[in-house]
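Novice: Got a structure for you, questions after.
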Amino acid sequence: MSKEKFERTKPHVNIGTIGHVDHGKTTLTAAITMVLAKEGKASATKYDEIDKAPEEKERGITINTAHVEYETEVRHYAHVDCPGHADYVKNMITGAAQMDGAILVVSAADGPMPQTREHILLASRVGVQYIVVFLNKSDQVDDPELIELVEMEVRELLSEYGFPGDDVPIIVGSALKVIENPEDAEATKCIYELMEAVDTYIPTPERPVDKPFLMPIEDVFTITGRGTVATGRVESGVLKIGDEVEIVGLKEEKKKTVCTGVEMFRKLLDQAMAGDNIGALLRGIQREEIERGQVLSKPGSVKPHKKFVGQVYVLKKEEGGRHTPFFNGYRPQFYFRTTDVTGSISLPEGVEMVMPGDHIDMNVELITPVAMHEGLRFAIREGGRTVGSGVVTTVSE
């Protein structure tokens, strides 16, 4: 059977459910698909189908993730749900499932628990800026004042991690009651309220095309009589012939040049857009002035940095990672976009060592500067194999 064509009529947004184990993330995911399926905007997915999420490999790390998709009147959503806590940690740090926003599920009967806090912290670190809260299991709480108390606790917790706790939409309901009575308007009302909040509170993300031009350089070659060509996949923005671009990274100084030609599949283009694999002809640049691992970018839009703070997941032995812990001053390679750069690690105060399977904040100092920004993903490698995966949380200098 041929694949269905993806109809792009509505804006697309990636979201996911986060929260403590057994607070009802998967039940809520199933409930959303059931309610929207009645309007032909989703195919109903049962709890068991989501719960036995298939294993996926992202940068060599095994992650269980379930993906469902559905629509509202205004948008198309891809929704991720992870069965285990470790899967969430890996997912959010590796960016295996990018989230534009998240639905934080908190049991009204229990209130915020340790993983509630940990998921909020992770979301703030990896750049998930928008959270909508679903207070689940409200059918198990008789006293409305208790629900109000839990709501206050959740708002305080969100504020503690830099989210606008007072403004975050909080919807109260019971996902299980929805699944048991999908025809009951009173039970399903909470799902409509939740989707309304997600539609309005989580903004449509800026498309890569609308961001400044950036292309990581994968290869460089010379065309006799024409000049130097840099090839790569355009990460964001648009490049037109005659545009001024900057070559950034690996060297202390940036170089400016003009793009005098754009080629794709040996055809000449007027312009290249995010997602295109291209060759860019650069005026007056010598072959030795540019190399893989640098980026071509809109002048002034990116800076090269040597020091940064990263949130890192360290692979377990079973995932092909290290068998032993590492200590302060560990010097692996950091793989950004297209190249490895050696860097040394300093661990947070009070942390003596890092074990395989841990996730941790670390300060890194690279030996040469790399074009980077907050939210950029990287891998940590040792002798060509990946031993960790991370995301830049703060750029220092």
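We number each residue from 1, going along the chain as drawn.
For all residues, glycine too, the Cβ spot is worked out from N, Cα and C.
The following feature annotations were taken from Swiss-Prot:
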type    : residues              : note
BINDING : 19-26, 81-85, 136-139 : GTP binding site
BINDING : T26                   : Mg(2+) binding site
DOMAIN  : 10-206                : domain 'tr-type G'
REGION  : 19-26                 : region 'G1'
REGION  : 60-64                 : region 'G2'
REGION  : 81-84                 : region 'G3'
REGION  : 136-139               : region 'G4'
Novice: In the region 'G4' (136-139), how many residues does DSSP put in helix, strand and coil?
Specialist: 2 helix, 1 strand, 1 coil
Novice: What does DSSP assign K25 (GTP binding site), in three states?
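Specialist: K25 (GTP binding site) sits in a helix per DSSP.
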Novice: Taking helix as H, G and I and strand as E and B in DSSP, count the residues of the region 'G3' (81-84) in helix, strand and coil.
Specialist: 0 helix, 1 strand, 3 coil
Novice: Could you list the residues of the same chain, at least six apart in sequence, whose Cβ is under 8 A from the Cβ of K25 (GTP binding site)?
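Specialist: In sequence order, T17, I18, G19, D81, V105 meet the Cβ cut-off.
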Novice: Tell me, what is the mean pLDDT of the domain 'tr-type G' (10-206)?
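Specialist: Overall, the domain 'tr-type G' (10-206) comes to a mean pLDDT of 90.
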Novice: May I ask you to report the DSSP-based helix, strand or coil state of H85 (GTP binding site)?
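Specialist: Reduced to three states, the DSSP call for H85 (GTP binding site) is helix.
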Novice: Provide, as an integer number of angstrom, the distance between the C-alpha atoms of the residue listed as 'Mg(2+) binding site' and C82 (GTP binding site).
Specialist: 8
Novice: Report, as a single number, how many Cβ atoms besides its own are within 10 Å of the Cβ of C82 (GTP binding site).
Specialist: 25
Novice: How many other Cβ atoms sit within 10 Å of the Cβ of G19 (GTP binding site)?
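Specialist: There are 26 such Cβ atoms around G19 (GTP binding site).
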Novice: Starting from the Cβ of H85 (GTP binding site), draw a 10 Å sphere and report how many other Cβ atoms land inside it.
Specialist: 14
Novice: Taking the binding-site residues one at a time (D22, T26), which has its Cβ surrounded by the most other Cβ atoms within 10 Å?
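Specialist: Checking each of D22, T26, the winner is T26.
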